[in-house]
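Asker: Right, I'll just put the structure down here and ask away after.
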Amino acid sequence: MYRMEDVPDASLEELCPVCGDKVSGYHYGLLTCESCKGFFKRTVQNKKKYTCAENQECRIDKTHRKQCPFCRFQKCLSVGMRLEAVRGDRLRGGRNKFGPMYKRDRALKQQKKALIQASGFRIENNRAFINHQRGLMFTGGLLPLPILHSTALHDPESDHISYQPASRFSLLPSNSLGPTEFASLSDGADKSEYINNCASSSDGSYQPYSRPFSPQGSRMPHLVMEFMRCDPDELLLQNKIATHLLQELKDWGKGESPNTFSLMCLIADQTLFSIVEWARTSIFFTHLNVSDQMKLLQNCWSELLLLDIISRQVLYGKEGYLLLVTGQEVSYLYVSSYAGPTLASLVKRGQELVERLHILKLNRQQLACMKFFILFNPDVKQLEDHQYVESVQEQVKGALLDYTLCKSPGLLGCFAHLLLCVSELRTLSSLAEDYLYCKHLNKEMPCNNLLFEMLHAKENCA
DNA sequence: ATAGCCTTGAAG
DNA sequence: CTTCAAGGCTAT
């Protein structure tokens, strides 16, 4: 019996993010199967136009992939396959500019594997995950984790927690490129490099999400595209936070491990760092002076943190489980057994919000807008550049409205519902802050961290 | 049209 | 030289 880490090339054990078939290598930006590689090539080379007979949401898997080329191609694009990697000149052989990216992705996977080994996680067989979602708890798992393991209520036999294989997410989404790589992609006049007109904006900058074959009705406002560029990639984030967490755990000492609550604080803290980093380097925010930046972040950190958690459930989560930023899944059964009444009701309302956003079919584009909407809150007191913040929020609102109307033309209420969700989020975040503050008063909170500082900063403002 | 296998050729 | 992701070929 093979263990995952003994398999010669684990990357080939992964599944095609488009259809779930066996991966044959890197093709057009990421690991895919041979058939989707061919399909993507044919489509782009021959400039094929497909239409969907259904509602543009056909399920694409190994058996159904032939049925709707429209949805298959949509999925190709949405998981991050690159139009630019299909050569306009049909030149054969050699390498293109994606080479270094593939190399980096390999290194990342290697690192992740090492991480998983070091931490005692057992990665699940992806095939098992796709085929037997129901039975997973009993078959795939075997996961007594060092993390999330210290509460007496957790029974390792019942496998409430499982490791979430990263390959469910797009492995190399368009926005995982660094700035230098953006530059190198956009100025490519290489003879073997096919830059599609539609993939480059008029100012020459790279626009990952514009697509030449986009169906009518999903044209993306320019601003939404800008937001998407600022949006961190889930897999990179997962790696970063998992790495950090492991380091912290090592520092913690061998003997005792932190309790579940402390662990959650560590994770929240790291997430908060990533949120601040996101804001710090984002469009519009960089134009503000530091003082206003601080005020905005102190105002909305908990909303953004909560939105991060909730959106993860909507976009990637599965029923009955809480998906952590580290990729682990925690059964709600476990959560509720652990939580007191306050936390339990928070979690319940959170789940309801997840459900509402799920029904609204929240996607990453809308999420990106919501984050900016929350960040640029003109209600924050004593802003030096109040007018600017207000105008940004108006622009964000406009972009979200445009995008949402394009996306679901029939559903006028969709936009309004999203705003209602933002408002519910605000309520929940305020409750969550209260909860954390109580924890702090009871001296149950670790306090040398950003989470604690944020909690404190607001208290001083109020 | 699809998808498995083949050939090519610049980068390392 | 070897690698391996690009395009090409062809039976289904």
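Any Cβ shown, glycine's included, is placed from N, Cα and C.
Please treat TrEMBL annotations as automatic predictions, because they have not gone through curation.
Copied straight from TrEMBL:
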type    : residues                                                   : note
BINDING : A:Gly340, A:Pro341, A:Thr342, A:Leu343, A:Tyr435, A:Lys439 : phospholipid derivative binding site
DOMAIN  : A:13-88                                                    : domain 'Nuclear receptor'
DOMAIN  : A:232-458                                                  : domain 'NR LBD'
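Context for these features, please: burial, neighbours, distances.
Answerer: Within 10 Å of the Cβ of A:Gly340 (phospholipid derivative binding site) there are 8 other Cβ atoms, across all protein chains.
The average pLDDT computed over the domain 'Nuclear receptor' (A:13-88) stands at 92.
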Asker: With DSSP as the yardstick, break the domain 'Nuclear receptor' (A:13-88) down into helix, strand and coil residue counts.
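Answerer: With helix first, then strand, then coil, the domain 'Nuclear receptor' (A:13-88) has 27 helix, 11 strand, 38 coil.
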Asker: For the phospholipid derivative site (A:Gly340, A:Pro341, A:Thr342, A:Leu343, A:Tyr435, A:Lys439), what does the 8 A shell look like? I mean other same-chain residues with CB within 8 A of the CB centroid.
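Answerer: Output for this site, in sequence order: A:Ala339, A:Ala344, A:Leu346, A:Cys438.
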Asker: Quick check: in three-state DSSP terms, what is A:Leu343 (phospholipid derivative binding site)?
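Answerer: DSSP assigns A:Leu343 (phospholipid derivative binding site) to helix.
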Asker: What residue among the binding-site residues A:Leu343, A:Tyr435 has the most other CB atoms lying within 10 A of its CB?
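Answerer: Output for this query is A:Leu343.
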